[in-house]
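Here is what TrEMBL says about this protein:
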DOMAIN    318-487  domain 'Helicase ATP-binding'
BINDING   Cys551, Cys554, Cys591, Cys594  Zn(2+) 1 binding site
BINDING   Cys560, Cys563, Cys578, Cys581  Zn(2+) 2 binding site
Amino acid sequence: MVFFAVPVLVYTDSDQEIVAADALSEKTAASADMDTVDTSRCFIGDEMYFYVCKKPCTPSTEKTDLPANTPEHRLTVRYFLITRETTNHTNLDETIILHLPTPHGKLAPVQSARVLIDGPSELVFDYLIPEGMPVVTGCRVRIPLRNRDSTGTVLDIGEPPQTSFRLRAISSLIDPEPLITPHLMKLGKWIADYYVAPLEMVMRSLLPESVRQDTHSEKTRKVVAIKNFPNDETLAKLAKRAPKQHIILTLLKSSGGQMALKDLGGGSVSSSVKSLVKNDYVEMISEAVRRDPDADQEFLESKPLPLNEEQAEALKIITDPEQTKPILLHGVTGSGKTEVYLQAVQHALDEGKTAIVLIPEISLTPQTVQRFKSRFAAMQDQVAVLHSHLSQGERFDEWHRIRNGQARIVIGARSAIFAPLTNLGIIIVDEEHENTYKQETAPRYHGRDIAVLRAHFEKCPVVLGSATPSLESFQNTQSGKYQLIRLTARADAQTMPIIRVLDMRIEAQKQKGRIAILSDRLRASMEKKLENGEQIILFLNRRGFARSLQCPPCGHVCECQHCAIPLTYHRTEERLICHMCGYQSITPRKCPSCGDEAIRLQGYGTQKVEEVIQKVFPQARMARIDADTMRRKNALRDTLNKFKAHKIDIIIGTQMIAKGLHFPNVTLVGILNADLGLHVPDFRAGERTFQLLTQVAGRAGRGELEGEVIVQTFTPHSPSIQYARHHDFDGYAEQELQFRNQFLYPPFAHCALLGTRSTHERRAEFTLENLHKRLSKDCPGQIEIGEVMPSPLAKAHGQFRYQLMLKSTSARALHQHVQRTLAATPPPDDVTIVFDMDCLSFF
Ligand SMILES: Nc1ncnc2c1ncn2[C@@H]1O[C@H](COP(=O)(O)OP(=O)(O)OP(=O)(O)O)[C@@H](O)[C@H]1O
Ligand SMILES: [Zn+2]
C-alpha cells in the first residue's frame, strides 16, 4: 500500500501529549480530524510528529490558526514534516523540515544540539534547543541528564535526529558567547579523528579546566571613590571630629577621586570608610583586576632592528598576501629569526589582526618570552602568555582576555595553539623541530601540525622556524607543500663556532677502559676560558631507561639487522630487543666487532659531572640545570639571569639549556657524551643528535668573542656528528632522508604506537595480542603491523606496558583502521589502551 504523508501541525500540552492536530493543506483538510489520521502509523519521536495518511495530498506552508478554544499556555506548536510520495514511510532521508510560525508569531526553527557531556565517559546526546535560545556550536550549556543537571559543550547543531524516544531540551546557556570559535571546533573534531582520541578529551585541551568549570571567576578588588565631596565647612568639622575620615577624603581627592581600599590602608581604615559611605561622601566599588603572571617583571620597550638583506627578504615573503603555503624558516643559530618573527607579528597587528607564537616549552625559553614582552612593552595588556605554571586563576584571566579581544598576541607552549583568538593574522612556531610540541598524553596531537592546520582553516600565514628543521617539515619543502626561506649567516656578522670532535675511544685507552667524563682537551680548554673570565656551558644529554650496549675501545653498538636502530638491553629477560620490529638476540659477553670484553652499558648523569667539575675546578662558580634542580617555579629564569650577569662561570645542563639562549660571553660549549642520544632505539636518534649538537653549539660565540665547541664521542665517524661539525644541514638531511626512505620511516610513512597498560602483566599482553590479531584481519594493504613486545619502559607507575608499532604510507588508512578495530574490541576494565599517531617517542 502506498502511504502519503500529511503535513500536520500538532498541538501538545505541557506533558507533550497530543491534544490536537491540524492538517496544513486545504485539500486534505478532512484529515485534520484525528480520526482520519492513521495514528497507528505515527512516528512520534520526541519532537517529530509524522502522520501518515492514505490519501494523496499537497502540502502547503500556509499558516493555520490555532483552535480558538484551546488555552494558549497549554499549547506547544511543533513543526511538521512533509515527505514526498513514498512507498517506504520510514525513509526519512528526504524529509524537509519547514519552520512554522509559533503562536507568538515568531519563526521557530526546530533544531537540536549535539552535546558533549562533561565527564570522563565521553557521552554525546542530542538536546532540543528551546525557542529563542541563541545556542551555537561551541557554546557551553546546562542540560538534564537522567535525573540530575549536567553541563556540556555543543558540538553541532542541526535538524533533530529521528529517535524513538523523546528529546529533552537544553536548560540554559552557561556563557552568552561560545567559548570555542567555529574554527577551533573544526580543529577539535579533526584532532579527535586523526589521533583517535575521544572528543571529550580533545575538548579538555581546547578549553582549560578553569574556564570550563564556571567556578572560577574574575578577581576583584575594592575601590573607594568619592561620591559627594563635602563642602569646606563639613570638611573642617570632620578634620576635628574624625581626622581619619578627613585624611581619607583628602587622599582620594588628590589621587583623582578614587583609590584601592588596600592602598588606603585596608582593614585599618575600614570603619572610617564605612562611616564615609554611610554619609554618602564616598562609595565602594568592586573592580575586576587581572592576575598578571609577570607582574613582578618590568619590560623595557625594544625597538625593531633594521633587518639585514636575508631577514628583509624573509619578512617580505611571510607578509606577502599571495603567499598561501606554510613557510619553513630555516635560519642558522643566531641568524635573527626572532627579529623576523617580531616584525611579522607587528605586521599582523598593524593590519588589525591577532597572532599566536608557539615556543617549545615556556619555562625553558624565558628569553624568547622576554624578547616578545619587551618588543610589545607599549601594549603589554595585549600580550597574553599561556603556560603550565599559571595558576587556575591566572589561566582563567588570560583566557578570557583572549576570548574577549583584549589580548591580541598569545605566546605559549603547544596548547596555546587553541587560544580562542579571532581574526588571526599569523601563527609562528619557533623551534619547530622540538619534540615538546607533541603531547605525550591523549589527545596526542602535534602542536606544529595543528598550527599548520589552524592556519589553513583561518587562512593566515604560518611560519615554522628552526636552525635544524625536522625532516618532516624539510621534506614538505622539497615536495613543494611548504615554502622554504633561509637565513644563512649570523645576524651580527659573527662567524659560526668551531666544532672539535674528540674521539673518546682514545681517551678510554688512556684511562684503561674506564669511561672518562672530561677529556684532557676539554679540561685544558675550560681552564683557559676560566682564566680569561669567559663562560662555559657543559651539556649532557642523559636518557634514563633505554640503554644500548656500547664497546668503549671500538665504539661498536649492537643494532637490529632489519631496522638499523640500536637494540635495547632488557634486564629482566637478559636480552637485546629491537623496538621497531621485536627482533631479539642474546646479550654478547664480548664485543661482536673487536672481541673486547669491556662492552658495557653507558651511563653517568649530570650530578656525577657536577661532582667531577667541582673537584677539578674548585674555584669556579657553577650551576646545574636539569629536571631535578629546576623544580621551583622561575628557578630556570633566575639561574639564567644569574648566568647572564656573570655570577656563574659554568652551567652543567641537559636539554633544558639547548634552546634559544643568547649569552654573548659564552665561548666554550662542551658536549660530554654525544653518543647518549645517538644510540637509543629510535630511528630519529641521529636526527635528534644532529639537532642537539647544532643547537647547543649555537650557544657558543654569540658575542664579540669567538666560540669553541668540543664534542666528546665514541663514534666520531657518525654522520650526525660529522655534518653538525660542518654546519651542514642540507648534507645531513640528504643522507638521512635516504635512510628514512629505504626503511620506510617518516617522513615517507606514518608511524604509530599502539600500547596496553595494566597492573596485570598477562592481561596487558593478551589484550594487545588480541588487538594484533584483529588488526591483522582485513588489514588495508598499506599498513605494516609489528609484533607485540614489552615497552622499553616495561613497567611504570605500577603498570606493565606492552606495545606494537604500526607503519603506513597512508595516515588515513592507519588511523581509520585502528579506530574501527578499537571500537569493535573494547579492552577489559583493568587494561588501558594507548594510541600514539605519528609517535615521536617509542617508550
Ligand atoms: N638585523 C639585525 N641587526 C643586528 N642585530 C640583529 C639583527 N637581527 C638579530 N640581531 C641580533 O642577533 C642576535 C641573534 O638573533 P636571534 O636570537 O634572533 O637569532 P635566532 O635565529 O633566533 O637564534 P637561535 O636560533 O639561536 O635562537 C640577537 O642578539 C639579535 O638581537
Ligand atoms: Zn628491528
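Each Cβ is built from the backbone N, Cα and C atoms, and glycine gets one as well.
Cys581 (Zn(2+) 2 binding site) sits 23 Å from Cys591 (Zn(2+) 1 binding site), counting Cα to Cα.
For Cys551 (Zn(2+) 1 binding site), the nearest of the binding-site residues by C-alpha distance turns out to be Cys560; the candidates were Cys560, Cys563, Cys578. Of the listed binding-site residues, namely Cys578, Cys591, Cys594, the sparsest CB environment within 10 A is found at Cys594. In space, Cys560 is the closest of the binding-site residues Cys560, Cys563, Cys578 to Cys594 (Zn(2+) 1 binding site), judged by Cα positions.
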